[in-house]
Amino acid sequence: MGMRMMFTVFLLVVLATTVVSFTSNRVLDPAFRRRNAAAKASDLIALNARRPECCTHPACHVSNPELCG
């Protein structure tokens, strides 16, 4: 293998390692889970606050069927 090919393989290994470690840290991190749950709750509260206008708007109604029943 030439130097260029070895360098390319090295970069691919580093990239793959970085991606795997980044995603596994996010999945296992309890603080990330709490932040994610808080963000989802905040989004749901915001959607409920605009429920009347969302249910009368066809595009919003289709995107959020759980709000309008």
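Cβ coordinates come from backbone N, Cα and C, glycine included.
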Looking at PRO52, PRO65, which is the one Swiss-Prot tags with 4-hydroxyproline?
PRO52
Can you sort out which of CYS55, CYS60 is the disulfide partner Swiss-Prot gives for CYS68?
CYS55
Could you check Swiss-Prot and say which of PRO30, PRO58 is marked as 4-hydroxyproline?
PRO58
Would you count the other C-beta atoms found within 10 angstroms of the C-beta of CYS68 (disulfide bond) for me?
14
